Amino acid sequence: MSVNYAAGLSPYADKGKCGLPEIFDPPEELERKVWELARLVWQSSSVVFHTGAGISTASGIPDFRGPHGVWTMEERGLAPKFDTTFESARPTQTHMALVQLERVGLLRFLVSQNVDGLHVRSGFPRDKLAELHGNMFVEECAKCKTQYVRDTVVGTMGLKATGRLCTVAKARGLRACRGELRDTILDWEDSLPDRDLALADEASRNADLSITLGTSLQIRPSGNLPLATKRRGGRLVIVNLQPTKHDRHADLRIHGYVDEVMTRLMKHLGLEIPAWDGPRVLERALPPLPRPPTPKLEPKEESPTRINGSIPAGPKQEPCAQHNGSEPASPKRERPTSPAPHRPPKRVKAKAVPS
């Protein structure tokens, strides 16, 4: 559970702003905003989603900074509540909607701060997923970097040895690698994984639309990745019940339960949310399915006024230029309030926004 995950991290006082009040858009306003989101998704050529702990609360895994989040309750001297374990948690409607959006080619890449493993267990392809803070079900060989996805949590945290050895042989007839396997869960001071960070950074830079779901965007560098889309002329949509660090940069802000927002979005796009039939690990994306017919999106309102601070969508953005291919140095989890350093940031305690 996220409770055990949080307890396993090193002590750290600055965990960001916790327990901020939740905001709910009125039903009519929520509907207008989701229609606008559907237009943006349909008209964009490279859509990247960024997910945080808020997308897993419906599965029984508590978040961290919400009204009843792990760190919010900790600040109040109360014990957090939990309803499930990582092994028994089921992917939510949001998890499965993201699977389908990728299948039909409407989702280019997925960046997650969550460690609960629900994206992988939902069947989302791992080659289109960056898990910046690790995965409770994954261990990696310290020697050859082969990763193993397990059926149960690996049992350690902080990139520690799990007690198992790598069984991969480089060629037929050769002896197994036998490198030491380590968990992939970061502690506050650990550097983000190079591969995942490089992929997330490149995808965010090349996106013409970034959508954040269930994250307060307080942890750097993960929380700043959506801004790379804005800097390259793309659009940013934030879906969260609480205020986020980057609200002022958003073209559209939606305050509603993420499952409700994603369910409405899929309906407007003419897509079904697939049922989950058990854990399924997909290493590489399958050939995309045909896109559904062009949805009959509601016409925009004539008024150019902002919707609760959001900017109405303009003409379709041209795809951003390709990233030059340089890989950023592995930053570390830093405090959410500290200014962005010029050197690779550290994953400081306020950063772990696990699921």
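Glycine too: its Cβ is placed from the backbone N, Cα and C atoms.
Swiss-Prot annotations:
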- K33: N6-acetyllysine (MOD_RES)
- K170: ubiquitin cross-link (CROSSLNK)
- 287-296: compositional bias 'Pro residues' (COMPBIAS)
- T294: phosphothreonine (MOD_RES)
- 343-355: compositional bias 'Basic residues' (COMPBIAS)
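A sphere of 10 angstroms centred on the C-beta of the residue listed as 'N6-acetyllysine' encloses 23 other C-beta atoms. Following the DSSP three-state reduction, the secondary structure of the residue listed as 'ubiquitin cross-link' is coil.
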